Amino acid sequence: MNSKAIGVFDTGAGGLATVRELQRLMPGESIVYLADTARAPYGAHSRELITENAMRGLGFLQQQDVKLLVSACGTVSAVLPEQSVKKLSVPLVSTLLPCAQEACAMSASGVIGVIGATAAVRSSAFGKAIRNIRTDARVVGRACPLLLALAENGVTSADDPLVRLTIQRYLEPMLAEGIDTLILASAHYSVLFAAISEVFDYRVTLIDATAVTARYVQSYLLQNDMQNDGGVKPPVWYVTDLPQDFTDLSKLYYKCEITQNVKLVAL
């Protein structure tokens, strides 16, 4: 048993959707969250810069005396090298393996789509993780930066023509390639889950990175006897810039407004 908090890292407010799932599954766990809003978005940066920024953020969370690190950011999960992960003194759970395992289990045809930020898709890391589990899989990746813009602006309904057209433009070519399962590799896309399902007419199984990562964390804590055996502390929310924007976006991703314990930190 372990009463320390779980440290969750993301580039912005999107990872709050992962926190919401973690708290739904494990209300007895404490959370420390870091949003590197000063350097977001990571998705258009080089591998080297993403790694440098991510390690700085993860290192900060380690200093908060957490028992487990969670990368809610699909880009960091895809790009962070194994040798960098080994330098961490606290275990790290990323979205990569949970998403790959779920997609392989759910796909009947083995043709699996992945959508995310440019750097995440360009790395091919999700494809490699999938093929490590299922050698017959064919992976179709697509960077979808406009979906992030829609999500961040709260434009998420399939009834909105802009949402429908954007989803169709990005994803219909993937459907034409035969995908039967689609990984939403960015936490930000979780708020577009219903719209994507509707536009696809429910023909494709969607894998929401926030939900599968939270379930993986729950399993990890149980398997390693790391559940909280003490009291639950109020969540602490660290941001590196624009705390008011973080609070505003919390209503979208966390489903309630975060106003307490929001702290501005310089990394």
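Glycine too: its Cβ is placed from the backbone N, Cα and C atoms.
No curator has checked TrEMBL annotations; they are predicted automatically.
Record features (TrEMBL):
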- Tyr42, Gly43: substrate binding site (BINDING)
- Cys73: active site, proton donor/acceptor (ACT_SITE)
Integer Cα-Cα distance in angstrom, Tyr42 (substrate binding site) to Cys73 (active site, proton donor/acceptor): 9
Between Cys73 (active site, proton donor/acceptor) and Gly43 (substrate binding site): CA-CA distance (Å): 10
For the residue listed as 'active site, proton donor/acceptor': intrachain residues, at least 6 apart, with Cβ closer than 8 Å: Phe9, Asp10, Thr11, Gly14, Gly15, Tyr42, Ala54, Thr95, Ser186, Ala187
